[in-house]
Each structure stands twice: as structure tokens, then as C-alpha cells.
Amino acid sequence: RLRAQLATLTGALATLTRERSRVEASYRAERRQLRLQREQAGAQHEAELRRLRQLLDETRGRLAEQQRERQREQGDHAMMLRELQELLRAERQARQAERARGCPQHGQQHGQQHGQELQHELGQELQQLRRELQAVRDDSSKADPRIQELQEEMAGLKNHFQLQLVQEMKKTAQAEEQLRQRSQQEEQRVAELEARLAQVSELLGTYEKAKQRDQATIQRLKDRVVQLDLENKSLAMAASSRPLDEVAVDEASLDVAALKEKMEKLRKLLQAAGKGAEEPEPPPGGAPGGQCQQELRQLQEELERYKARAQQVLKSKASKDVGLARELEEAREQLAELRDKHVQLQLATDDMEKRQRQELEAKKQELQQLQQLHRQELERCQLQFRERALRLEEEMHKQRDRALAVLAEKDRELQQLRALAPPLGPHGGRDGAPGDAPGQQDCSQILPQELQPCPSSEPTFFLYAEQLARKEVELAAQRKQRHRLELQLQQLQARALAQEDKHGEELAALRAELQKSCRDRSREGANLEYLKNVVFRFLTLPDARGRQQTLTAILAILHFSPEERLSIAQSSAHGSWWHGRR
């Protein structure tokens with residue numbers, strides 16, 4: 001039964017070792033795969049981020065170039081407006097001077113008629129300019145196809161990256177869930193293995209206690225045998241004076257020691273009888289000599305019978321002792337092997353604990369680096385968005401101020417033209433006569449000719465309307481871009497919060513692993529207790545073979561090298577127990 005239990009324990013330990021090796025191999029392979037997937041995802045994310053940054057830089061450069069073009073156009077337009085205003089002022093002064101010289105004879109009626117015609121023409125031209133301005137505004141309200149394409153492309157890229165980000169987050173969540181489940185399974189398996197190891201340790205302790213009890217029982221039996229020997233000797237001495245028939249009656253109740261004692265007694269009697277037979281005493285008759293011979297033969301037969309019985313008893317006892325010693329040796333060897341395996345498993349557990357502790361430290365450092373990188377990236381993005389928002393607001397204020405200045409200047413010009421038209425009638429009526437037709441024709445054609453735009457340049461109102469339309473489009477684009485940047489900032493903040501939550505979960509998992517490592521470290525006291533018991537057994541064992549087995553277990557526990565083992569054997573070869581083992 002002991003052999004069957006030891007074989008079962010050996011098979012269970014081998015199964016546990018194979019299962020643990022397989023679990024460790026699968027765990028390492030899965031960790032490597034997850035690490036590779038994470039590195040690939042990080043590389044893809046970095047590539048996409050670089051491409052987005054490059055696209056953003058290109059867009060910024062394009063916007064800056066367009067802003068510079070708009071500023072150049074605004075400067076050119078302002079310069080053209082100033083030149084036109086100077087030309088108009090000079091021509092107006094010249095015409096006023098010419099009108100003051102050449103039209104003294106026009107009447108008041110002609111001046112009023114001319115003023116009404118001029119006012120009517122100015123109103124028609126103003127309506128036409130308003131219609132053209134409305135048409136320009138309608139044209140400018142239509143989105144530029146390039147801007148629309150760029151916006152669509154940006155929206156597509158944004159959706160694409162959002163989908164990729166969602167997919168990566170899902171993959172990361174799935175990988176984390178799988179890793180968490182696998183870690184839980186590994187913890188459960190390790191707990192089961194520890195429970196089994198505890199059971200094996202308890203069973204080994206039970207076997208050790210049983211062995212000690214057996215040794216105590218053997219010692220007690222030896223003492224009992226010695227006591228029985230003494231009792232048999234005393235009984236033999238007391239039975240030497242008893243008759244032979246009583247001796248024959250007590251044969252069945254004697255043990256080996258009594259038989260030996262009786263054999264010695266019979267041998268002495270035979271020797272005495274032999275000595276008596278050598279003396280030549282004349283017998284008184286033939287009967288006593290025959291009786292002595294018969295008695296001698298009976299004693300010899302009894303002696304042979306006692307010898308045969310004693311040999312059988314000794315053989316049976318020797319065979320039992322040999323079988324018991326063999327079983328004890330096998331049990332000791334199996335116990336030593338189990339202890340070696342237990343020590344190896346304990347050392348493997350310690351190595352795994354060290355690796356897990358190192359991985360935990362690496363994870364902590366990686367977590368801190370990731371948190372710092374995310375924090376720096378968030379601060380940089382916030383600074384960029386603030387700078388862009390401030391720059392856009394400043395440009396918007398500048399554009400509004402420029403538009404207000406242009407509107408005020410145009411209003412002043414219109415007021416000047418309106419103030420210039422009515423006084424022509426009374427002035428002409430006071431100074432001129434109604435007879436000068438050529439002078440009247442010249443004066444009636446002066447103002448329309450002045451108001452006609454120069455064929456080589458665009459109309460001022462068209463330029464102004466185009467400028468306003470461009471500013472409105474730019475403002476709308478800037479608002480959209482600002483709104484998009486705000487959305488991106490919100491997404492980045494949400495992503496940062498998600499990353500913080502994930503890092504918190506990882507930190508909690510790492511803390512749990514750290515607590516588990518502390519619990520595993522607390523079990524090292526039991527291992528020291530086991531090592532103390534082994535050393536105590538080595539120091540207290542009486543036989544050399546047991547000392548050798550215990551020394552082998554100690555060498556396996558402490559991982560001595562072959563050179564160290566050889567030096568220990570050479571230095572211990574002069575000891576008494578080592579000589580006894582040899």
C-alpha cells in the first residue's frame with residue numbers, strides 16, 4: 001500500500017510539473033504575442049499620427065499662404081483705392097474749376113434739370129451696383145470646390161481615424177480582458193498547485209512521522225527481544241533440573257532463544273555423556289548400557305530436530321528482516337526523490353516569483369512613462385489649440401476692423417458725391433446764361449464721365465464686395481475649423497480619461513500581483529522550516545545510508561555545483577559517519 005501511495009504521489013507530482021511547464025510556456029507565448037500586437041498597434045498609431053501631423057502642417061502652410069495672398073490683395077486694393085480717390089479728387093477739382101470758368105450763363109432751370117438727371121442716373125447706377133453686389137455675394141456664398149474637397153477629405157480622414165481608434169480600443173480591451181482571464185486562470189492553477197504541494201508536504205510529514213513511529217516500534221521490539229532472551233535464559237536454567245517429559249511438553253511454547261538455550265544444554269549433556277563413555281567402567285549388566293545408548297540416540301534426534309526448527313525460524317526471521325529492510329530502503333529512496341522534486345518545484349516557484357516581480361517593476365516603469373507621454377501630448381495639443389484660437393480671433397478682429405474702415409470710407413465718398421450733385425443747379429443759374437448750348441452740353445456730361453469706372457481697373461464696389469465675400473468665407477471656414485478643433489480637443493480629453501482609467505485598472509492589477517508576491521514571499525518561512533528539518537534529520541540519523549540520502553537532498557535543495565559536491569565528499573571522507581557509509 002505504501003508503494004502504491006508513493007507511486008501515485010510520484011505520478012501526481014510529474015503531472016503537476018508537466019502541467020506547470022505547459023502553462024508557463026503558454027503564458028510566455030501569449031505574453032510575447034500580446035507584446036508584439038501592442039508594438040504593432042503602437043507603430044501604426046505613430047505612423048498615422050505622423051501622417052496627420054504632416055497633413056496638418058501642410059494645411060497650416062496652405063492657410064498661411066492664402067492669408068499672405070489675401071493681405072497682398074488687400075494692400076493692392078487699398079493702394080488702388082487711394083490712387084483712385086486722389087485721381088477723382090484731382091479731376092473733381094479740375095472740373096469744378098472748369099465749370100466755374102465755362103458755365104456762367106447757365107440758368108437755374110437747367111441746373112435743376114441737370115441735377116435731377118444726375119440724381120436719377122446715380123440712383124440707377126446705385127441699384128445696379130447693389131444688384132451686382134448681391135450677385136457677387138450669391139456667388140461668394142457658394143463654397144469653393146477645393147475647400148469643399150479638403151473638408152470632405154478631412155472629414156473622411158477623421159472618420160477613418162476614429163474608426164481605427166475605436167477598433168484599436170476594442171482590440172486593446174479584448175486583449176486586456178483575455179490577459180486578465182488568463183492571469184486569473186494562471187493564479188487559480190498556481191493556487192491549485194500550491195494546494196497540491198501543501199498536501200504532498202503534509203503527506204511527506206505523515207510518512208516521516210510514521211517512519212519515526214516504526215523506528216520506535218522496532219526499538220521497542222528489540223528491547224522486548226532482549227528481555228525475552230533474558231527470560232528464556234532464566235527459564236532454561238530453571239528447567240535444567242526438570243525431567244525430560246516436562247521438557248518435551250514445553251517444547252512447543254519455547255521461542256528461538258529458548259531453543260538455542262536448550263540446544264546448548266543438550267550439547268553440554270552430550271559432551272558430558274561422551275566423556276563418561278570414554279571411561280572404562282564395567283557395567284553391572286547389559287541393560288544399563290543399552291539404555292544409555294538409546295537415551296543418547298534420543299538426545300541426538302532431539303538435538304537434530306531442535307537444530308532444524310531453529311534454522312527454519314532463523315531463515316523465516318531473516319527473510320522477513322530482509323524484506324522489511326528492502327521496503328524501508330525503497331521507501332527512503334522514494335521519499336528522497338519526492339523531497340528533491342519538492343525542492344525543485346519550490347525553486348522553480350521562487351524563480352517565477354522573481355520574474356513576476358521584475359515584470360511588475362517593468363510594467364510600473366512603462367505605465368509611468370506612458371502617463372508622462374500622454375500628459376505631455378495633452379499639454380502640447382492644448383497649447384497649440386489655444387494659440388490657434390487666439391490667432392484666429394486676432395485675425396477676425398483685424399478683418400472686421402478693415403471691413404469697417406472700408407465701409408466708412410465708402411460711406412464718406414457717397415456722402416461727398418451726394419453733397420456735390422445738388423449745388424450745381426443754383427450755381428449755374430446765377431453765373432451763366434441760357435444761350436450757351438455747347439457749355440451746357442459739356443457741363444451735363446462732366447459728372448457721368450467722372451462716375452464712369454476706368455476700363456483698365458475693376459469697379460471699387462466689386463472689389464469691396466469680393467473682399468467682403470472672401471472675408472465671410474474665411475470667417476466661416478475659421479469658425480468651422482475652430483469647431484472641429486474643439487471637437488478634437490474633446491475627443492483627446494475623452495481619450496486621455498479612457499487612458500487614465502485603463503492605467504488605473506492596470507495599476508490595480510499590478511498591485512494585486514504585488515500583494516500575491518508578498519503572500520508568496522511569506523511562504524518562504526515554511527521552506528526554511530523544511531530545510532531545518534532535513535538538516536536536523538541529517539545530523540541525528542544513526543545509519544550512513546540515511547545520511548547519504550539526506551546529504552543528497554540537501555545538495556539538491558541548496559544547488560551545489562559538481563565541484564562543490566566533490567570537495568564536500570573529499571573533506572567528509574575522513575569523518576566517522578562517512579567511513580561507516582563506505
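Backbone N, Cα and C define each Cβ position, glycine as well.
Looking at 62-82, 272-292, 356-376, the range tied to region 'Disordered' in TrEMBL is 272-292. Among the ranges 223-257, 468-502, 538-572, the stretch that TrEMBL annotates as coiled coil is 468-502. Taken as a whole, the coiled coil (468-502) shows an average pLDDT of 80 in this prediction. Helix, strand and coil counts under DSSP for the domain 'GRIP' (521-571) come to 44 helix, 0 strand, 7 coil.
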